[in-house]
Amino acid sequence: MPKLILCRHGQSEWNAKNLFTGWEDVQLSEQGRNEAITSGRKLKENGIEIDVAFTSLLTRALETTQFLLAESDQEWIPVHKSWRLNERHYGKLQGLNKDEARKEFGEEQVHQWRRSYDVKPPAQTEEQRESYLKDRRYRHLDHRMMPYSESLKTTLERVVPIWTDKISQHLLDGETVLVAAHGNSIRALIKYLDNVSDEDIIGYEIKTGAPLIYELDDNLNVIDHYYL
């Protein structure tokens, strides 16, 4: 029976500082590393054997994958990295303290940017975007596909192709697949898998560094899902 493991990265240094992160590349905090290690230990204790892993191009997700696989004695499995699993792009909000953003733009406006399904934060300027265009990890990505800002809706639109083309193919072969990614890219996958409404998905909270197990039938319909 195919099994999907969704794991949001452990707490990052910017999570700890209450900053909007998005596509900014930051490392795990000490707490985040411990969360990832604990997740790997839980997988090992529950006898879960992973066949293949998928993660984003951002360090906090890569570190989570590494710690989780090392702790579960599965470092040798193939790991595929893709920009499509990156966190939602928060545009001009990236790097801002969330409390300071609320003071500047208003509580209601920031809540709408964060929690509405199809509302994007203010877009980055060309100058702000330049650092991504020069980043080697995106050198094979058509720059026209690189976002200036994203809503959860547009995040879902870029996540679905990697599900359809790659992740689901391993599951259809009966494999156990780990996806170690980010709050919003995982939220997008959950919406897609569980057919969650636009209104309901915005209230979903994804725990950091905690394996969320999806048990699927042979047609990839959801049988059950639960946190370890």
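Quick reminder: no glycine exception, Cβ is built from N, Cα and C everywhere.
For H9, the entry in Swiss-Prot reads active site, tele-phosphohistidine intermediate. Taking Cβ-Cβ distances under 8 Å and a sequence gap of 6 or more within the same chain, the neighbours of H9 (active site, tele-phosphohistidine intermediate) are L28, G32, A36, R60, A61, E63, T64, A180, A181, H182, T208, G209.
When secondary structure is read from DSSP and collapsed to three states, E87 (active site, proton donor/acceptor) falls in the coil class. Of all Cβ atoms in the shown protein chains, 26 besides its own fall within 10 Å of the Cβ of E87 (active site, proton donor/acceptor). Taken from Swiss-Prot, the feature active site, proton donor/acceptor applies to E87.
Feature annotation from Swiss-Prot assigns substrate binding site to 8-15, 21-22, R60, 87-90, K98, 114-115, 183-184; the stated evidence is sequence analysis. Reduced to three states, the DSSP call for W14 (substrate binding site) is helix.
The DSSP secondary structure for H182 (site 'Transition state stabilizer') is coil. According to Swiss-Prot, the feature site 'Transition state stabilizer' maps to H182.
Cβ-based neighbour count (10 Å, all protein chains) for Q11 (substrate binding site) stands at 20.
R8 (substrate binding site) carries a strand DSSP state (E or B). Take the CB of H182 (site 'Transition state stabilizer') and look out to 10 A: across all protein chains shown you find 27 other CB atoms. Of the listed binding-site residues, namely R8, R88, K98, the sparsest CB environment within 10 A is found at K98.
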